[in-house]
Amino acid sequence: MGDMSNSDFYAKNQRNEDNHAAGFGCSLMELRSLMELRGTEAVVKIQEDYGGVEGLCARLKTSPTEGLAGSQTDLDKRKEVFGKNLIPPKKPKTFLQLVWEALQDVTLIILEIAALISLGLSFYHPPGESSGEACGAITGGVEDEGEADAGWIEGAAILLSVVCVVLVTAFNDWSKEKQFRGLQSRIEQEQKFQVVRGSQVIQLPVADLVVGDIAQVKYGDLLPADGVLIQGNDVKIDESSLTGESDHVKKAADRDPMLLSGTHVMEGSGRMVVTAVGVNSQTGIIFTLLGAGVEEEEKKEKKVKKQDGAAAMEMQPLKSAEGGETDEKERKKVSVSKKEKSVLQGKLTKLAVQIGKAGLIMSAITVIILVLYFAIDNFVMQKLPWMPECTPIYIQYFVKFFIIGVTVLVVAVPEGLPLAVTISLAYSVKKMMKDNNLVRHLDACETMGNATAICSDKTGTLTTNRMTAVQCYVGDVHYKEIPDPGSLPPKTLDLLINSISINSAYTTKILPPDKEGGLPKQVGNKTECGLLGLVLDLKRDYQPIRNQIPEEKLYKVYTFNSVRKSMSTVIKLPDGNFRMYSKGASEIVLKKCSHVLNEVGEPRLFRPRDKDEMVKKVIEPMASDGLRTICVAYRDFPNDPDRNWDDENIILSDLTAICVVGIEDPVRPEVPDAIQKCQRAGITVRMVTGDNINTARAIAIKCGIIHPGEDFLCIDGKEFNRRIRNEKGEVEQERIDKVWPKLRVLARSSPTDKHTLVKGIIDSNTADQRQVVAVTGDGTNDGPALKKADVGFAMGIAGTDVAKEASDIILTDDNFSSIVKAVMWGRNVYDSISKFLQFQLTVNVVAVIVAFTGACITQDSPLKAVQMLWVNLIMDTFASLALATEPPTESLLRRKPYGRNKPLISSTMTKNILGHGVYQLIIIFTLLFVGEQIFDIDSGRNAPLHAPPSEHYTIIFNTFVLMQLFNEINARKIHGERNVFDGIFRNPIFCSIVFGTFGVQIVIVQFGGKPFSCQPLDLDKWMWCVFLGLGELVWGQVIASIPNSRLRFLRRAGQLSQKDEMPEEDVNEDNEEIDHAERELRRGQILWFRGLNRIQTQIRVVNAFRSSLYEGLEKPDSRTSIHNFMTHPEFRIEDSTPNIPLIDDMDADSARRRRKHSSQPSSPNKNNNAIDSGINLTIDTSRSAASSSPASPLHSLETSL
């Protein structure tokens, strides 16, 4: 397949010959050129060159009805000739590339330079012996011990530890990338497609499709390959991912049969013959142009940037024409940063910048003080002249001071933070797989911990999605259980059986159970399965009827969609007349009925009065038992050649009702418990469903979403719209604010209502915290709501590809209780980061103060550069591993969500940081200034340049490290719990890291020698060090006993990390954060940002990469977008707007209606016109400024107003 992308002309020609030789009637290139045609040209071409679709199938050696035979040799040959259905992924970064990236860290570069200078100078020996004396006391004590030769050790040790840090970082990144690749392949294997092989319908992984396969396409599919439609009912396709046109394209075998990979089926069903797969499909061709996995990385980056500019240019006219962002842009953006920066990242970035600043200032002051003190002491106090031959020695001193300064900086800058975040997220994602959560966007995992509201679907999420018909109303009798077929009028029974069998997707079937004694397997649409089950319960079989009237013979099909809420099929009767069978939501179908079949199976008049009575006597009682009611009806048409079958309003009227069926979908047994957990955790669960309001209310009570006697709202879509729209029909935020806090059940809701509700809750300012909303969805129509929500959950089993596409997390078992697990993991991530922060900041504060004061008072940091790097390694890498992998506990669900404005460092944490800091500083300063008397050893203070390590400073270093180790155990609890050992053995990683670090520390102290500036200690001194370390645990208990209320000042301290939080959060947040970041960068504190950005970029690259692959490889830009994002930070800003036009994509009719402004009768979705109070304005801005940066703040203001 590779040589497709090489424009190696000879190879192509060669291949053409092979193809014909291979015995297929058409070559790869012929098929490729065929797939580039559209509409009528394509029909003509197929007709002329191939003799219609049948001819094309014949040339591809496949049967339009039975498919391929499926023999392995044939399949392999097809793969060889026409290619496999996969696009070669981009090569992962090699380990060396990752090492190179890790080396880009500014602090490390400074250290390397310093170490090299230090190394170079240590080999320089001043000429002549005499100069030694002349340079005065400075070199005192150097030559005596013969240690001068060991001067190189410190430089070498620093370089070595830099190598360590780099390797650890690179290894972490590498394993992270590897994990994502694994996840990626898992996502890819999940996507299956229905194919006919050997007349059997089977589900195949997308990668196994070959040219010549007959694939069944249905509503909600993402097409995995290019093909030609053989037969279709009402097929409408959203081709915006390829063309940027948001209108749905109608496809029919005789008008426009070309189906392209990467496009979405929005309505209807049908069968297609696959004509191009993998790199030869339309999406594949675009990918090859972008050089996926062909060019080397560098070329690609340059190329992509150029191409992206070009793409943007092409988009311009489209944008203005569409009056809104095109889908392509939307997609690109989704892949870059799905929403605004996740709560945690925003807080961390700010905190990091502040710490980085403080560290920079401290280290600068340290260096200045050291240099000044040295200069004044030598040249002013002792009045020594500067001698040229002493210069190297002086420089060596200055280098040593510089190294001390850099080490202070290294310790101050918590580069372990991004690492901790990544490890924690990656670990959680891996574990969440086991809890049936497949995470597609990393930050969703952490956002979920802050969720305050969940808007859940009913069917399949709260219920089992196994539909069974339990009641029915036939021939004026309401049967509480399925009647005996003998008791029904034969005419009615025949009509009912035919109606259900023919007027349902032929892909829906009931298969025998997998294992003995199990329930029969339901395949396809579950409601239809329930109705087919009714046919079987009435001792009849649907298959013979379907065989008699195969799908090709159906005259016209009106497929189910969220506007019609019904499905109808027209067949031609043997006598030339037509009959239409219809089924759908009972209140909707009954409105269209003018007759009903009576007890002998004859139609009688059905007056509005009868309708009301039927609703009261039949439908409401069924619904209040939690049943979904479906009405089955039919209508006969005489043969009239000029009837307009496309005028639905006339066709779908004057029906005759056959029966009303009550279908039960039982609540999942584990749901009530899960919902109770959510409510305890401060999360409001709302049910948004397309079902009847009584059914919805009954189920909501069973689930525990509403409790009788509480103050809540259960309303349907109509009432909801009446309450939230003003006279002009525009949505008003303050009206929504009156509705949503009490709303618990929204029934008969359209996708638009769901989106409006989610948007309304997110944009609301009534509560003190901005709400964080999670939404579950399975249908194509849930796309906009899933995208708008902070976290979108798609159903792994029942969900359509479109829904999975728009989501952040896929529930592989479709179960609501898995969402609760996601909340638990999300909160755990947040807590892990807090634990790490608490630990890290204690170390930072202490190490910086010790190095700083030590340097100022004794001209030498008590903690040497190499020792600091070791401490840094423990703190950063190992501690982040140990604390970020704590498993979650149920107790996480017993507290309210943190919310967006709560500072990252709570008052309890501040208390712990300060408390432990004080303890450690007292111990270290005591050891530093009076340690030599206590232990009766030589003082290590004021040692000359290359003096051997002293026991005194070794004790300080050792005690410091052991205090950190024991404090790491304290850091496991951040809410002031007393028992810090609680559940410590459930986390083997933590235990092994603590013991491992302890072991390495013993080795360093006993055998570290000169490189680590350590002198071996005897057992007695070791015991003292351990004892002082253990004091940490005791001291932790003391701190825990001080109530927070006593410490007023901590309140403010906790806010520090948030000092520039903006009150008008939503309006300005993204904008502000980027500018803030840009400002910092300009001031040269690149330090932090490099680290954080690198990891964010990697996450983004991986995410974009995953999502692009996941989309059936359909969006070429996903990779370009990263570079874009890095080059123009404004990209994220207009994120709040693009979701609006998406709604028209979802419903082409109303979009078209809006364009024409025609006065058609209002349909339930007419309210699209007012999806957002500011829609016209928004579109204008995007038209005039093409969403360029200056307009963006306006945009975001606009939407949140």
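Each Cβ is built from the backbone N, Cα and C atoms, and glycine gets one as well.
Note that the structure is predicted; figures quoted are calculated from it, not measured.
Features reported for this protein in TrEMBL:
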| type | residues | note |
| --- | --- | --- |
| COMPBIAS | 1159-1169 | compositional bias 'Low complexity' |
| COMPBIAS | 1182-1193 | compositional bias 'Low complexity' |
| DOMAIN | 49-123 | domain 'Cation-transporting P-type ATPase N-terminal' |
| REGION | 315-334 | region 'Disordered' |
| REGION | 1149-1201 | region 'Disordered' |
| TRANSMEM | 358-376 | transmembrane segment |
| TRANSMEM | 401-427 | transmembrane segment |
| TRANSMEM | 836-857 | transmembrane segment |
| TRANSMEM | 913-931 | transmembrane segment |
| TRANSMEM | 951-969 | transmembrane segment |
| TRANSMEM | 989-1009 | transmembrane segment |
| TRANSMEM | 1021-1042 | transmembrane segment |
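Under DSSP, the residues of the domain 'Cation-transporting P-type ATPase N-terminal' (49-123) split into helix, strand and coil as follows: 46 helix, 3 strand, 26 coil.
Tertiary proximity for the transmembrane segment (401-427) is limited to same-chain residues at least six positions away from its ends with a CB under 8 Å from its CB atoms, namely 105, 107, 110-111, 114-115, 118, 154, 158, 169, 172, 176, 179, 344-345, 348, 351-352, 355-356, 358-360, 362-364, 366-367, 370-371, 374, 442-443, 445-446, 829, 832-833, 836-837, 840-841, 843-844, 847-848, 851-852, 855, 860-861, 863-865, 868-869, 871-872, 875-877, 879-881, 883-885, 1087-1088, 1091-1092, 1094-1096, 1099. Confidence annotation: the domain 'Cation-transporting P-type ATPase N-terminal' (49-123) carries a mean pLDDT of 81 in the model.
Residues 870, 874, 878-879, 881-883, 885-886, 949, 954, 957-958, 961-962, 965, 968-969, 972, 1016-1017 of the same chain sit 6 or more residues outside the transmembrane segment (989-1009) yet have a Cβ under 8 Å from a Cβ within it. Cβ atoms under 8 Å from those of the transmembrane segment (1021-1042) belong to residues 911-912, 915-916, 919-920, 923, 935, 951, 955, 958-959, 962-963, 965-967, 969-970, 976-978, 980 of the same chain, restricted to positions at least 6 beyond its ends.
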